[in-house]
Structure formats: C-alpha cells, structure tokens
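Notes to accompany the following structure.
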Amino acid sequence: MTWSATARGAHQPDNTAFTQQRLPAWQPLLSASIALPLFFCAGLAFIGLGLGLFYSSYGIKELEYDYTGNPGTGNCSACALADQDRAPPLRCSCAWYFSLPELFPGPVYLYYELTNFYQNNRRYSVSRDDTQLSGLPSALLHPANECAPYQRRASGLPIAPCGAIANSLFNDSFSLWHQRQPGGPYVEVPLDRTGIAWWTDCHVKFRNPPLVNGSLALAFQGTAPPPNWPRPVYELSPDPNNTGFINQDFVVWMRTAALPTFRKLYARIRQGNYSTGLPRGTYLVNITYNYPVRAFGGHKLIVFSNISWMGGKNPFLGIAYLVVGSLCILMGFVMLVVYIRYQDQNDEDEDAE
Amino acid sequence: MFCSKKKSLEVERIVKANDREYNEKFQYADNRIHTSKYNILTFLPINLFEQFQRVANAYFLFLLILQLIPEISSLTWFTTIVPLVLVITMTAVKDATDDYFRHKSDNQVNNRLSEVLIDSKLQNEKWMNVKVGDVIKLENNQFVAADLLLLSSSEPHGLCYIETAELDGETNLKVRHALSVTSELGADFSRLAKFDGPDTKLMQNSGKTKFKRTSIDKLLNTLVLWIFGFLVCLGIILAIGNSIWENQVGDQFRTFLFWNEREKNSVFSGFLTFWSYIIILNTVVPISLYVSMEVIRLGHSYFINWDRKMYYSGKSTPAEARTTTLNEELGQIEYVFSDKTGTLTQNIMTFKKCSINGKIYGEVPEGMGQKTDIPKKNEPMDFSVNLQADRTFQFFDHRLMESVKLGDSKVYEFLRLLALCHTVMSEENSAGQLIYQVQSPDEGALVTAARNFGFIFKSRTPDTITVEELGTLVTYQLLAFLDFNNIRKRMSVIVRNPEGQIKLYSKGADTILFEKLHPSNEDLLTLTTDHLSEFAGEGLRTLAIAYRDLDDKYFKEWHKMLEDANTLKDERDERIAGLYEEIERDLMLLGATAVEDKLQEGVTETIASLSLANIKIWVLTGDKQETAINIGYACNMLTDDMNDVFIVAGNTAVEVREELRKAKENLFGQNRSSSNGHVVFEKQQLELDSVVEETITGDYALIINGHSLAHALESDVKNDLLELACMCKTVVCCRVTPLQKAQVVELVRNYRNAVTLAIGDGANDVSMIKSAHIGVGISGQEGLQAVLASDYSFAQFRYLQRLLLVHGRWSYFRMCKFLGYFFYKNFAFTLVHFWFGFFCGFSAQTVYDQWFITLFNIVYTSLPVLAMGIFDQDVSDQNSMDYPQLYKPGQLNLLFNKRQFFICMAHGIYTSLALFFIPYGAFYNVAGEDGQHIADYQSFAVTMATSLVIVVSVQIALDTSYWTVINHVFIWGSIATYFSILFTMHSNGIFGIFPNQFPFVGNVRHSLTQKCIWLVILLTTVASVVPVVIVRFLKMDLCPTLSDQIRQRQKAQKKARPLRSRRPQTRRSSSRRSGYAFAHQEGYGELITSGKNMRAKNPPLTSGLEKTLYNSTSWIENFCKKTTDTVSCFSQDKTVKL
C-alpha cells in the first residue's frame, strides 16, 4: 500500500501567493467615477484635435489638373487619342495653363496622381526582386521567379530591373514655366527632383551593382531593360548619383501604393525665388505625355500642394476626430443619465430593504 | 455472470492448472496492466497520427500543402508551418509527459511480486508475468492483482478472508471458501489465476474508458465548423469578386497586369483566388486556440494540485487533477452522483446514544458544551480503569457509567445483550489486546460499547460465548442462533447462563421488534418510541433491544422442532422462519441503541452549499435502503419537512411502473398550480429569483432500490423515472450494482443533457466515475481503483465544494473570457483582408507583412490572453464559496454560448471595419509631413498592424479583471515585443542579410515618425474600444450580474453581507420514521454455529463427510445468492475444468 502514497508525492503544497492564487492584483472596475470623466475628457480632447486637424487641412492649398486627355478636356486629348493606338508618338507634348491670383505658399510639392491603377494587386506587387534591386551582382543576372513574365527577355537576357512594377514605370515628365506679367516671357521654375524618395529606399533598399571599371553601364552588362523601357536603367538620368536602381523617380514608383488611387511625389519647388511658394502670375506646365492610362479607365492628374504640420490635405481625419469626439460626449451624457437613474433606483431598493 | 459485453461470446474457459503450455493454446490475455499509450519507438508516428486526426491540425496541414502551390500561395509557407510546428511540439511534449507517468504507475503495479508454482517449484514471479492457469501461493497481507480461484487455504474448511479495499473501499474482511474438492490439497493459501489483465472481472465491470470532452469542446467543434463555413462563404464572395474584376477591370489593365502562364481566364482566376483567400483568411480558425486552451487547463490543474485548502493533512494527500482537460466543465455541473460509504461517510460506526429502560443516555453532544453547566460533561469519559477498553471509543455521558456502578439490572442486561447477540469474532494480538473481527461495523460499535462499559466479549466457540462481566469471566452456552436477514430484520441468540437460565436476546428493527413485545411493555414502549424518534431525527442508526426469559421445557420442545425442520428437504426455510417467529415473541423491551454512521467532515455544509448552487445531489449506494435513508437524513438531504418521500421498491416491472405513476400523480396533485406538466414546473424553477428565499412548490425525495431500478431503467419507464427524479430535490438509489450506477449517470447525462459529476472511493464506483462527465475519486482511503479511474481526486468529500465553486467556477469563467477574446481577436485580425479585397482587385493581397501574420497569434498577442485565461478572477475564492449562486451562470451556459460567439464575432467585425476604413480614409491621397508620399502599401500595412496590436492589447486590458504582476508584464511586454521585433525587421542589418524576406526596411523609421499615422492609430483604437466600454458600463448599471455586484462590494471593501445565510440546521428534534439501519449479511450465524470460521483446536470434521459437503455447498449457494460483492468468484466454478 505504501507505493501509492509515495508515488503521488504526497507533500503539502507550498503556501505562496502564486500557488494559492492570492497574488496581489489590481482589480479595476468600470465605475462611473472613472468612466464618465474619461468619456468627457476624451470627447473634448478629440473635438479639439479634430478642429485642429480640420482647419489645418482646410488651410492647405491644392491645385490639380486632370491631363488624361479624355475628348474635349484640354489639349492633351491629341496625345490621348494617339495613345489609343497603343503606340504613343515620340514626345507627344501637351500643356496646362493656370494662373495664380495670389501667392501659393511654399514649400510647394508637385505630385502626379493616378486613379484606377492597381499597384496593390498581388500579382503586380509581388513581381519584383528586392535582392536584385539591392545591387547584389549575383542576383542581377538571376532575377527571381516572381518577376515572370518580366524575368527574362525572349533572347534569354535577364531583365534588370525585373518584374511588372519596374516595367510599368511612370514615364510622363513635367516642366513648370512662370509668366510674371501677362505677355511676359515664361521662365522655367526649377523643380527639385531629388529628395523625393525615402532616404532608406535610396540608400539601403535600392543600391546599384558595384561599378565595373568605374562604369555603371558595364555593371549592367548582360542584362536587358524591361520591355516597356525605351532606354536601359543606367540611363534613367544623366546624374550619376540619380541613375540606375537609385534613380529617385524609379524608387518612388517602386514603393507601391496601398490603394488604387494614389499620388506620388514628382518634384519639390523650393529653389531661388520660389522657396516661399509660387508667386502670383500665369503658369504653364509642359507635359510629356507617354503613359497610357485610358485603356483601363484610369486618370492622370498633376497636383500642386503645400503641406501643414500633419502632412498633406486630408479632411477625413479631422472630421473623423470630430465625429468620434462628439459621440464620446453624447454617450457620456447618456451614461450619466443612466447612472443617476440607476443610483436613485439603487437607493430606493436599499431603503425598501 | 459475465458482465462484459465484449467477451460475451466466451461462455467457458478451459484451463489446466499449472500447465502453461496447454493454456497457451487459448491465447488468454497476459496479466500486464496497460494504461500507457506509447513506447519510445511508437511515440512519434502514433502521436503525430493522433494529432493530425484532430480536425484543426489536419486542416492546417491541408493549408500548408495549399501554400506550397505557387499559383495559389498568397502567403509564404512559414506563416503556417511555424505555428503548426509549435502547436504540435507542445502537444507532443505534454502527451509524452502524461504517458511517462502512466508507464511509471503501470510498472509499479506490474512489478509487484507473487509466488507462482513453476516446474514444481515456488518461484517469485512479477504479477505481470502470471499466466492463466498458474497456481499461486499467497500469504497473509499480500496483494492480489488478478481474479483468482481459491483452491485451498491454511484455515479450516478452506476458508480465507479477503479485504476488498481496492475494489469497494470497504476494509472489513469477507469470507471466501475453497471448492470442497480442492480444499484439502495444501496447507498454504494457493490460488489459481483465472482471468488476467484486461480480462479480470474488475476491468470488465469497470465500463469502457471514454475519451472525455467538455461541453465547451463540443461547442467549439460546432463553432469551428461554422467559422469554416463562414470562411468558405467569404472565399466564394471574394472569388466571384475576383472573376468579375478580372473580367471588367483587370482585362483592360493587361498592359500592366499580365496573366500568369496558365490562368488566362477570369473564372479560373476566381477559382485560384478562392484558395488563396482560404489561406489568407485561415486565421479566423485560430490554430493556437486549442493549444492555448490546453495550456490554460494545465495551469488550472496545477492550481488544483497546489491548493492548500484541498490538502488533507490527516492523510497528507493533496488534491490532484488527474485529467487536465476538463477543468471548465467543473464550473457547469448540474448533477452530482455520490457514493455513500467512504465518500459521504467515513465508514466508521460509533456508538452515540442509547435508551435503556426509558432513560436516555449520551445526550450531551459536542458543540453544545457552552450551554451545559457541568464542564465535566464536555470531556469524553475516561475508560482507563478498564484495562480492556478500546482507547478510541468516546462517550460523553457519565450517567451511564454511574448506572453501571450502581448496578442497575436493566443496564446490565442491556450491555450483556450487546456483548452476546452478535457475530463478532475475537482475537488477541501479540500485545495481548483484544481485537474484534467484525463483519458488520454496526455490531463492532455495539460490542465495543459494551466492552468499554465492562461487558467484554472475550471469545466464542461454536457452542459457547465467554464474556467478562465487570471483571468476572462468565461463559454462556450458545443454544441457538437466530440469524439476521432482510425480511426478519432482527437477530437473536438463545443462551444458557451459568445459573442455568435460558434467555433469548434479540436486537432488530424497532418496527418489527415492537410488534413482538409483551403487552406489559406499553409504557416503556411509548417512552422508547419517543427516544427512537429523536435518534432517527438526528440521522442515527437505531436498533431496538429486547430479551425474553425462556423456560427449559419450552425451549427443548422448540429446539427439537428446529432440528427436525433442519433435516427437511422441502420448505425447510419456511419452517425454520416459522419457528423463529414463534420463539421471538412476548419480548421484554430493554431499550434501543443509536449508532452514528460517521459522516465525513463538512459533508452537511458541502451538500447545503452545493444545493444553493443549484447542484442536485443523488446518492447511489450499494447499501441497504435503511442505511441510505439514514445517511440522507444525517446529511440533510432528506428532511422531515419534505412534502413527500417516494419510495420505489417494487420487485416487478408492473409494480415499479405503478409506484412511479403514483408518485407522479401525487406530485402533480399537490402542485395544482403547476399541474400542466413538467415543462411548466421546470420553467418556474428556472424563473425563480436566486436572491429570493427559495419557494419551490414542495420538496420531494425519491428513494429507489436496485431491483426496482433494473425495471425502471427499461426504455419505456425510463422517462417516467427521469422526470420524477429530476423534480425531486433528493434522489437516493440504494442496493445498486456498479453497472446500475453507471446506467443512472448515463440516463441523466443523455436524456437531460446535463453535466454530471460522479464521486466515489471504491472500485464499485469506477463505472459511474467513468461514465459521468467528471469523475472524482476520494483518495487516501485504502482503495485506489476509483482514484485511478477518476479525473480529479482528493481526500475528503468537503473539498468538492471548493473544487466546484472556486476552481470550477474560475476555470469556466476564465475559459469563456479567453474564448470570447480569442475569437474577437482573430476576427478583427483577419477580416481586414476581406475589406482590403475590395480595393486590391480581389487579388488575395494581404494587408499585413507576412512576418506579422506569422507572429501575431503566437507572439504578439498570445501571452496576455493566456495570463488572463490562467489568472483572472472576478470575485475572490472566499466570495465564490460564500455566494454559491455565483455558480449558476455556468450551469446555464451563459458565459460562452452561440449567442456570445456571435457577439464576439460582431465585435471582431466592427473592429476590423474600424481598423481598415479609418486608415483608408486617412491615407487617401495623403502626403507626409515632408511632402513625400506615405500612402504606400508598406506604410499602410505597418499602420494597420500597429493599430491592431494596440487595439487588441487595450481590449485585453479591458477584459482583464485581475491584474497581477504577470498580467502587467505580459500586456506591456507584448506591446514592447511587437515594437522591438518591428524595429528589428525593418532595420538595415537584417535587410542586408535577407533582402527578399524583409522588404519593409526603413518603413518603421519613416512611417512611425509621422504625426498623422499616430493620430490614425489613436483614432482607430478609441473608435474600436469606446463602444465596448459604453456597452459594459450600461450593462453594469442596467442589469448587473451577481458577480458584478459582488465585485463592486468587494471593491467598496464593505463587509460582504451574505445574500442568503440559510445555514443548514444541524439537528432536528424528532422524526416520525424509523431510524433502523443495520449493515449485516445473512449467513454469518450459520458460520458461527457451524464453527467453520474458528480455528479448530480439535479436528472439527467429526460428523460424516457427506453432511459436511452438503452443508458447505448449501452455505456457499446461500452466500452467492445473497451477496452483492463484485469479487465473488464462485459463479463460474462450473466452467473450470480441473
């Protein structure tokens, strides 16, 4: 009989707070004295924040122009028509004139916006090779399978940069001209095309392969550009610090958008006379129309915008804060009423007892 | 007599004793006990096979295979394999430890040694190697680990005494008799192994071991199926969406969005998308759910093991959760089925009171001492003067001893009767102390009482009884022994004292004995009846005591007639009974005895408390009806205030049916208000406000015995029985076999859909322990079978209260909270993908980083919810015990049911909407603080992931009601872990090593420094959490639960005022019923007068062999007819060919 007692290791359990489930504990209770003030404070804070956000957003100036060129919408129609033939004529240009009655406060950012463009489609967004883009020489000549069908050219040459994202690089270009007085000459406004991509993107994530004999072109030897590209990747820009995989337009494009309507930064206007903004006057945007969007019902827009402390124009956040804040206050009152009634009832009950 | 269904085809066993070669032909099972499942080699394949039989694991394996198909794979393989491997490893480790302990305990049993006759030599052999047909030599106090046939023994007549403590917990000895043919074979105990290992009667009778699952488990299985259906629906919606999108939008978008090689068709694309979405959305069926539940239950089991308030220092036995998968079921128990002996009672009989010649003795009870003026009375009497006294005997009334000293002749006669009229055997141990071998514990108590008051039963021979009467040895001649049986309900001895007077001493049920009294006893009779009522009211077991003086001549005539009757072949029993009847009349009443069947400590309080918790307690006992009823009264399950106690004791199906029908009529008749039927009645019962004093239309009790139960369990009567039984407050089933115990449990379990718990201590409870949802074994008693078969074990019945009301309630509460949160979390997490599907061309693009999906459930959010599931408490343990009503939500299944599940699901869906659409609105065409675009996919993913982690952390913080250090560490730690892992995965270093696996480099640095992203996270969090807070606040104010109220009170530090302090009355004044109860088996009288159980000083076989043979077989037959023991092995004798 002894085996049973010893087998079960009959020892008195330890008398610790843990084993006896008596650990000291904070036992919060959703009492009115906590919940109601919390609701009113949160409500007020949210309304305050909401108002701030709303007015900040309201104060942001935005100027946008749809240059898709649907028939009868301006002089980009011609280019758009040509685009329908699926072979855009080389350097089809169109222009957008606008005038500013007053200063457009700076710093001013120039964005391009695409709508109905599914950069977030899985098949599209996986079609890239981050190893290749990080400049690893071995990966340069062996693009990942995810890039297919833009992995290799028919000739068997590996594509660099491979994949659908790179292949569909946005290739319209803009230049901005300013006419100070009516009838005066148009002066080109300097567009700062650097610093439009994230620092980590151009310095960590995207790297060019090591130069061969000091030449980037040689480094890319044995690769072919994506089918849609008219020129190889190392000729994206004449600036040696902005060409190849680290070309900022390319980097910006490669950071795929979350939603089918998106804006990407094209340039910053902050140099010379324009550092405080765009002075009043007439402006001309010269557009090189290359990128076909009408086939899928997309739109191309050009957007001038300045920013506030919380970023670009977006009324949503302010309104949402206002709504949530007001609901908090409203529900706070409802809860207060219920609480008072319940208290009364409780007192009565206790009296009755 | 075969009880097993499995082996019912086997009608006979042919065994040659001591011939292993011959017996091996039949391939009987060996004697090894196997409860373990695996060995080292088979562990991995069998365990994996078992694990993948679980639907959940198989499902994830299927997902893993899907993910390996590149066209479908929307997630990399590691998102599934990492959690799957983790889950399977954890389960495997747990299974392995469980099995290791099983191996250990098996080995202990299997390696006990026995002496077996092999090759004509006695050899030590482990019990596991004993084969069918082996001849085994047993010595005194040895274990028996097989069914054996007794061949012969060292005792006269081949008798042997066995203890069946491991079977039924009873420690008294039972007599077994060898076959007469073999009884003279040898001098030592030697036995033949008959049924081994799994074939033993015990193993066959103990019912099938079922894999027990909790109701929550079953509910979960349904829910998982529903979720799966929901998942398929989502998949179909998205797949159709995809087909349409590819057809309408994607088709025009081909310039940029190529077709893959083999899928140039929108319908096929939709088909693939379906599978892709199944992969993405699989997290709604949470893989870590099952393993987390196991961990939580394991934690709760440890808390049960560690609980000092369930540790019995008397036997140094802690409570033990032997099954770790049933804890929350303990919080939902509706019916408790309890064994009596060893469970409710200690199986100790103590002589409490007596009434002698109209005077009551033993009146001073413990506890009332303060009221009595004489302090002396509180102390037990000092019996040290009497050298032969039993030290353990306690009596508190000194007046009895005084009466003895004064020489009251009636008292002498009373004590003399107790010392003479019994079947006890005496023995002297080495120290010269007198030891009584008792067959019935009642008699033990009575004889011991007489002993301590100076009438010491010393020894007996077949013809004499020697008693030391106040120091002088007196030998009485035993002239006749009128044995006890259940019809006579009395037992008498006829003795001749040294003075030559012949006296008949009789003890028995008051109801019977009072009819046999001499008319002159009338005054005494009324007095004694009052006393008996008082005893009965206290739940004591009473016997009336009477004597009769016989004159010599009359006795001789009578004795002659008795001897004649004994030789008769026909109607022998009837004749003898008639003769007994004749002599047992004109009795002179002496008084009555009251013996307490000592309840275990705290039984009454526990039962009262459990009844307040709406738990119905049924007593299932193998004992006699009277005994069972007495215990019912003793522990307040039966009270005299009850409207009616229905007793069903019919012997035929018709009788039983009639009795049941009458009882029902009676019940409905008295409940006119609710006579429409039992549905109404039940409704009313449910509607009863727990706070209001219970005003059930009447308290009823049902007492049913084994014979009737056999008929009542037949299919057509079953429902009547159940209906009746469930309306009664108390149900007592007596004289039930182990199998019937299980049948009753099954009946309630299956037809009431109620959660049942069976508690018992002996092997005869094993079947019911196994068939109930929860089986509890009382450990610390001698028997281990019940404990081994049980799910929980502890040493005292009273711990059941703590097990259910504290541990069970907490487990259920915690598990429900855990499940609610878990489903909420996974819906919130997963459904974001669904909303995103509408904005990414239904392309099965995930919203989050793949690493986030991999780690979310197992790293970022697992520990806080585990901590809540393990440590959370709404009210303290003391309050759980003080307010048994807190237990009711568990019985009504309120905390987690399908409705709660839908609420969690709706909550999750709402959160996922907030999580997706607030960032969506905020990210629409927005630019960052530096003018750069931030509405890119990766920033969007990081924002949503961060919001999600914060939202679910705030939610768990709201759900946690008991913040221990561990909760703090886990909740804050999880958020910290999330951010550190996020920063690590977005760091330059790790990108440098695996550029393809960690493409989010630099994201966190860029996005999380933007004010507007934090504003989005804040808004999302508040918008997701505020509605919950509002609902909870309003709910607490408008319809607070009892738990809420107690929490508030607990918080207010007010001294808890019990809602209903209905303490059970511990004693009542008197009772109309008879308190008669006497545990005794027929047959012992014959045994004594034949002298078979006495060590013969002279060879006893003087009479002819023929007569002995006749006598012994008839005795055996009698015995087999009347005994209900589980180990009786005579019934199969005929099939054994020797």
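Glycine is no exception: its Cβ is also placed from the backbone N, Cα and C atoms.
Going through B:GLU294, B:GLU443, B:GLU665 against TrEMBL, the one listed in the ATP site together with B:ASP339, B:LYS340, B:THR341, B:PHE484, B:LYS507, B:ARG541, B:THR621, B:GLY622, B:ASP623, B:ARG735, B:LYS741, B:ASN764, B:ASP765 turns out to be B:GLU443. For the transmembrane segment (B:901-920), same-chain residues at least 6 beyond its ends with a Cβ under 8 Å from one of its own Cβ atoms are 223, 819-821, 823-832, 834-836, 839, 847, 940, 943-944, 947-948, 951, 1016, 1019-1020, 1023-1024, 1027-1028. The C-beta environment of B:ASP339 (Mg(2+) binding site), restricted to residues of the same chain at least 6 apart in sequence and closer than 8 Å, consists of B:VAL619, B:LEU620, B:THR621, B:LYS741, B:ILE759, B:GLY760, B:ASP761, B:GLY762, B:ASN764, B:ASP765, B:MET768. Broken down with DSSP, the domain 'P-type ATPase N-terminal' (B:15-81) shows 36 helix, 0 strand, 31 coil.
When each of the listed stretches B:265-291, B:818-839, B:851-871, B:970-993, B:1013-1034 is scored by C-beta pairs under 8 angstroms to the transmembrane segment (B:940-958), B:1013-1034 comes out highest. Sequence-distant contacts of the transmembrane segment (B:970-993), counting only residues of its own chain at least 6 positions beyond either end whose CB sits under 8 Å from a CB of the stretch, comprise 849, 851, 855, 859-861, 863-864, 866-867, 942, 945-946, 949-950, 953, 956-957, 960, 999-1005. Contact count against the transmembrane segment (B:265-291) (Cβ pairs under 8 Å) is highest for B:818-839, out of B:818-839, B:851-871, B:1013-1034.
The sparsest Cβ neighbourhood within 10 Å, among the listed binding-site residues (B:ASP761, B:ASP765), is found at B:ASP761.
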